[in-house]
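The domain 'Sodium/calcium exchanger membrane region' annotation in TrEMBL covers 109-265, 300-438. Residues or ranges marked as transmembrane segment by TrEMBL: 81-101, 107-123, 144-162, 174-197, 209-229, 244-263, 299-318, 330-355, 367-390, 396-417, 424-443.
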């Protein structure tokens, strides 16, 4: 049915806050079935990011498109729905296996990879539970929940690393999430979509992409000045000005991100409404009601369980990073910037590619650039503030090498999306750019990555 779409119908809603819904993962299982991701009604039910919840409520008189039912599943039914409903959950046993390997062998390489694989399905299920809870809380609170839990896995890993004094691992892992989303994920989505629709270019909302690019450039500015201040030795108070500037800038970035959410929620909601959504509003309203699969309290309990389990595995993952680096003879910077983001977000990456193959490039753009925007404007400054509160000197000085790689990446992606069109050649160029970045970090030795972590007895 997508073959009949014209360019006007392709200028769809570009979600600006990260999409982390069950629909992305179901794309892996359902692939090209008609009832999965192809129909606009199905997409309307599954998209649940902040701006989508906003324009859904404002565009339909405040009605929520989920239909909460007063229901209660048995424990067995709830476990079956949450744990056994997605094929990606076959990776769940790797989590307990990582703990067993750590207790009996202490092989950091295996502990690292097993815990990393074990976190992948937990992150996906966390998004699913958040989506279910959003059906009961309404669009506004639901949007806040999705914005909060969208990058919960990365933030949990970062907070554990920050608590252990591994500030460079925190900086590099967050940077790696931004780089992989903007180059690898977007590149694969453009490439796969371009191959499927090789006879024409795919079209997306370039206005929304431009807003994201502007926010990413602001994030680059926030990271650039502390790095330059440190490198030029022009601090007013040596060792203090850089940290003070980072904390001040982080507060400004958090305020800017909050204003960005208000902007898309209140001021410019019509900018992100798809062209064909207005035309088919009445038909969509008839078909867009979907009952949640679990009750409100089930969703809350599952959110608590999944968050706790991710926290446990994150601790093993963080503790094994440096040991895995030694065992595999791979720099810590490469593990933090390249391996952690690729494997940790594998399910979302595949979902973005599947959306592009369904000619839904706007959604792929929301997963890729929208996620990068949230990490850079919320995740990074949030970790600086958390470090401030717990007494860890986390700053925005990511060093010149890392800041330069981010700056060039934002410029490349901004040029790629400025026309509002995508094809397989653009995707191929973005993938090649990511390969160059990965190779650079493979030969890059960061002497501060190990020094930042306080020594502790091995076990």
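Glycine is treated like the rest: Cβ placed from N, Cα and C.
The largest share of C-beta pairs under 8 angstroms with the transmembrane segment (209-229) comes from 244-263, of the ranges 107-123, 174-197, 244-263, 299-318, 424-443.
Cβ atoms under 8 Å from those of the transmembrane segment (107-123) belong to residues 86, 88-98, 101, 152-153, 306, 309-310, 313-314, 316-317, 319-324, 326-328, 335, 339-340, 343-348 of the same chain, restricted to positions at least 6 beyond its ends.
Recorded stretches compared: 174-197, 244-263, 299-318, 330-355; the one with the most Cβ pairs under 8 Å to the transmembrane segment (424-443) is 174-197. Sorting the domain 'Sodium/calcium exchanger membrane region' (300-438) by DSSP state (H, G, I as helix; E, B as strand; all else coil) yields 118 helix, 2 strand, 19 coil. Here the transmembrane segment (299-318) has long-range neighbours at 78, 82, 95, 98-99, 102, 111-112, 115-116, 118-119, 122-123, 125-126, 129-130, 132-133, 136, 149, 152-153, 156-157, 160-161, 164, 166, 169, 292, meaning same-chain residues at least 6 beyond its ends whose C-beta is under 8 angstroms from one of its own.
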